[in-house]
Every structure is written in C-alpha cells, then in structure tokens.
Amino acid sequence: CGDIDRARWLFDRMINKNVVSWNLMISGYVKLGKPDECIHLFDEMQLSTLKPDIVTFSNVLNAYFQCGRVDDARNIFSKLPKIDEICWTTMIVGYAQNGRDEDSLMLFGDMLRRNVKLDNYNTISSVISSGAKLASLHHGQVVHGKVILVGIEKDMLVLSALVDMYSKCGITLDAWVVFETMPIRNIITWNAMILGYAQNGQVPEALALYERMQLENFKPDNITFVAKYFDAISEQGMTPTLDHYACMVTLLGRSGRIDKAVDLIQGMPHKPNCRIWSTLLSVCAKTNLKSAELAANYLFELEPHNAGPYIMLSNLYAACGRWKDVAVVRSLMKEKSAKKFAAYSWVEVGNEVHRFVSEDHSHLEAGKIYGELNRLISILQNIGYNPDINIVLHNVGEKEKFRSISYHSEKLALAFALIRKPNGVEPIRIIKNIRVCDDCHVFMKFASITIGRPIIMRDSNRFHHFFDGKCSCKDNW
C-alpha cells in the first residue's frame, strides 16, 4: 500500500523472522524506490543467522543498479552458487539501464551458452536496445533469431525494440519488414518506425507513414510530433513540450532564422531548460555571437560544471579570431572545474566493437590503421578533397592543424574497417558520440566514391548515409 515505514515498524517487532520476512521487507524497499534502505537491510540480514536466498539476491541486485553501483552488483552476481532466470534478467536489464550496453550483450551471450530458459520479454527488449545503442547489427540479428526460436516474435514490446534496433543500425528496410509483419500495432510501434525513417533522412517515408497512421485511426502522441509537425500538435488537442520546442529551435536555426528561434524561446509557455539553450547555442554561427552569448550565459548558470557550453562558445570566438575572449571562457571553465568528456567513435568488425579517439595510437593495429588512412587521404585529395584546417580552432601552425583534422576518431574507424574488410560490399557502420565535424562529413562523402560502398554514420544528432559522394542529410545537420 506504499506505507513502507509502518511495514518496517512491524518487521522490527517480529520475534521470529524467517527468510520470507526479510525478503518481503527488502523487496518492499526496492519496489518503492528506496535502494539504499534495501542494501542496508541486506547487510543486517547477513549479520543474522539466516542466509539470503535467490529471491533476496535478485532484489539486492536490483537495488545496486538503482543506486548506480554496477560493479557491486556484478560482484554479488559472480559469487552466487545458483543463478535463476530472474537474476540473469536483473543483471542484463540493469547493465542496459546504466549505460553498460557492451556488458549487457556479453552477459546475454553467457546466458545463452549456459542454456538458461529465455522467455522474459524485458530481457529480450533490453538486449535489443543495447544492440541498438551500439549499432551492433550482428548482436541484434542474433537476438532476433532467438526471438523467433523461443516463439515470442508476436510480442509488441519485443517487436518495437527490433524496429528501433534495425533503424539505429541504418537498416530501415529490415525495420519496415518487422513493422509490416506485426500482427497488431500500438502507438509505440508507429512512433518507432516514423522516428526511424526521420532519423535516417527518409523524410517522405516518415511523412507518408504519419498520414497512414491517422488513416488507421491511431492518434499521434507527443513522441510522434517530436519528428513531425509542430503546428499540428495544438490541432490534436495537445500542448507542445520542451522537446517539440527544441526541434523547432533546431529547424529555425539551421535555416538561418536565429532571431525567430530566440523569439520562440522567449514566448514559450515553459521555462527554457538546458536542452533549449544548448540547442540554440549549437545552431549559432559566428555571425550570431549575441544569441550564442545569451544561450551560453544561461547554461553557465544552469549547468556550471558542464564543459560543453564553454567549449562551444570558445570555438565560436576562435572562429572569429577573438583569442582574448577564448582565453576568458577557458579560464572560466577551469574556475568552475568543468570537465570535457572524450569524443570517440566505434565500429563493429568481425562481430567485435572497436573504439577510437582522435589521434589514437592505442589500438594493436595502429600502424596499419594510420598507413591506410594516409593512403586514403592522398587518394581523396587527388579527386578534389581538401582538408578544412580552418575548423581547427587552436592558434597553431598549419602542419599541426592538418594533423589534428586528419586523424579524427571516425576517420580512424573507417580506416580500420577497410583494413579488416578491404573488398567488402556491406555498408560500413560508424557511431560517434558527438556531432560529426564539417571536414569529416566532406571526407566521408569523398570516401564513399572511392571505396564504392555505403558508409552509415550515426552521430549525436542524426544518421548520415554516405554513398556515391552524397549524404542522406543533404548537408543539413
């Protein structure tokens, strides 16, 4: 009934507690979102004469994940003498929810090798989501096969996850096949397919599916409109959310209408949050420094320890040659102890995920990778590619700028993929955790001509399908 304090009052006064009594109290704390109390009670139980059972451990694992103590959960899990399906599920779902997607996939593999019964929809959908986040098509296809094998291929939660996974791997055709063959659909599955088309630059398909959705009497919700029509939100009797406003700020900003984007923010019924101001700052060019400073100053107040706004504003100053202002922003960043997170790219080759950072020499095949990349750069320069050293916003010489721009993480990932599969025909899929820079975008377009195969890149903003010198985003990202 939600009265956990009274439950604890009764529990503390019980004379003869058994394992069931402890488990009821421990699980009560987990269900009501009080993981710290759960862990504390578990520690008390271990000091008693009673031994925790598998039910106890499954609840405690859940509590550790709720607290973000992933390694502590793994430590307990590894010491369990007997592991049931619930514990496997808790670990796999917990890893996925805490951003440990590679661990989630690896643990799922261990589960399959031990022939653990597989019929939990949460386990399957979490593993599929992990594959989607990593754009690991191989793992996603393996799980899809298992879904069919165990006979849960008609579950909407699982099928929606598969649509999302194939879309995030850049394979919208396979996502469409899953969507079309679903026996029944709900708003989640429609949204997954519409968003999949939109993110992959297939705008006509997304709009057509939106119209079909209405014809089949499915009422759009807020998520549907994140990728679609802003004015139609009110017509459907809903109020635009901050996500919708962020999309409109992006649209107005990318079309050069920064003033209208600022007017929209200042006139919105909601108080602008970090996402709104970050969106405005990201679309400001060096000709819109006043708006950029406005957005950055709000972000400095809202998120003083987030390095992103400091870096974006200093980059704009650098692009204008205002090096004194760059120094001021960098000094403020240091004063606030704002730390920059690493930008990296990863690529799946041979069913393994390989990660790279800019100018990375840590890979075992670094020598071959740089040799291949230098060879590719030379070929592309002969057909018109010219590295844009102007985007290197540091006051250094041209040689240093050329080296800096040439060895970005996505270029290293591409070179590695070409080494491993030089004569492949399958698309090369690269994921980057931040927005792809202008030079790398041009580089990938030229590379798609030379290697004669598609390159699918997913950055923090959208998907880019490069083929025959063109990109699906039409150079608007």
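Using the three backbone atoms N, Cα and C, a Cβ is placed for every residue, glycine included.
Caution: TrEMBL annotation is automatic and unverified by curators.
What TrEMBL lists as repeat 'PPR' is 18-52 (among others). Break the repeat 'PPR' (18-52) down by DSSP state and the numbers are 26 helix, 0 strand, 9 coil.
Taken from TrEMBL, the feature repeat 'PPR' covers 53-83 (among others). The helix, strand and coil residue counts that DSSP assigns across the repeat 'PPR' (53-83) are 22 helix, 0 strand, 9 coil.
Beyond the repeat 'PPR' (84-118), the same-chain residues lying 6 or more positions past its ends with a Cβ under 8 Å from any Cβ of the stretch are 54, 57-58, 61-62, 64-65, 68, 70, 73-74, 77, 124, 126-127, 129-131, 133-134, 136, 139, 143, 146, 150, 353. The repeat 'PPR' feature in TrEMBL is assigned to 84-118 (among others).
When pLDDT is averaged over the repeat 'PPR' (186-220), the result is 87. Annotation comment: TrEMBL describes 186-220 (among others) as repeat 'PPR'.
Look at TrEMBL and you will find 384-477 tagged as domain 'DYW'. For the domain 'DYW' (384-477), residue counts in helix, strand and coil come to 38 helix, 16 strand, 40 coil, using DSSP.
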Point to revise | Folded-back contacts onto the repeat 'PPR' (53-83), same chain, C-beta under 8 angstroms, at least six residues removed | key: 19, 22-23, 26-27, 29-30, 33, 35-36, 38-39, 42, 45, 90-91, 93-95, 97-98, 100, 103, 116
Study note, to complete from the structure: Across the repeat 'PPR' (84-118), DSSP yields 26 helix, 0 strand, 9 coil
